[in-house]
Amino acid sequence: MIVVGIDEAGRGSLIGPMIVAGVAIKNDRLKFLKNIGVKDSKQLTRNRREKLFDIICSYSEGFTIVKVSPEEIDSENLNELTYKAMIKIIYSLVEFKPIRISIDKVGNTKVVEQEIIKLGMEPNIVTNADVYFVEASAASIIAKVIRDNIIDTLKSKYGDFGSGYPSDPKTVNWVKNVYKEYLTPPPIIRRSWKILQEIAPNYYIRKW
């Protein structure tokens, strides 16, 4: 029997894409993955996540990711984009005939639940799924590792903007400095984030 976990990384970031990942794992491998330390990616160091990423890839039947760009995030509802990405992942992993899909609950996930039921699988959509279910933890690690690598690439091009989150003073200062120098923001900034009204008002755009 196979289960699928789905989770995202970078949802609240001011800079860079959101990555949604899904992974298909045989049920009898979940205990092993839990025993070697697969858990919510936020509880792990980057080095540990990267080591576990390799093991997860080796022990899974397959995984897939969807990258949601800042431009998409600025033009559509973030929850709706997340649901679309989740459904896309579910359909890409349906070939493994999973019996259960474990997903971290974000907003009203009814549309995702309906798709899972339509495909004849059990929806397991709960708050903090990445904490309680190994398959969701594995997906959170995949999403985080891939996003970290994307962020590294962006930093090599645009400079060190810190974590990319609006709570990070380094990120805020980077945006302020870019704002002073460039009339047009680099495409890595999510222009609909309200913090821009304070630190870079001409960069800010309203979604609707």
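For all residues, glycine too, the Cβ spot is worked out from N, Cα and C.
Binding of divalent metal cation is attributed by Swiss-Prot to Asp7, Glu8, and the same site annotation extends, among Asp104, Asp148, Asp152, Asp160, to Asp104. Highlighted in sequence order, Ile6, Ala9, Arg11, Val20, Ala21, Ile103, Val106, Ala129, Asp130, Ala136, Ala139, Ser140, Ala143 have their Cβ within 8 Å of the centre of the Cβ atoms of Asp7, Glu8, Asp104, the residues recorded for divalent metal cation, and are not part of that set.
Around the Cβ of Glu8 (divalent metal cation binding site), the number of neighbouring Cβ atoms within 10 Å comes to 25.
Counting other Cβ atoms within 10 Å of each Cβ, the binding-site residues Asp7, Asp104 show the lowest value at Asp104. Along the domain 'RNase H type-2' (1-205), the predicted structure has mean pLDDT 96.
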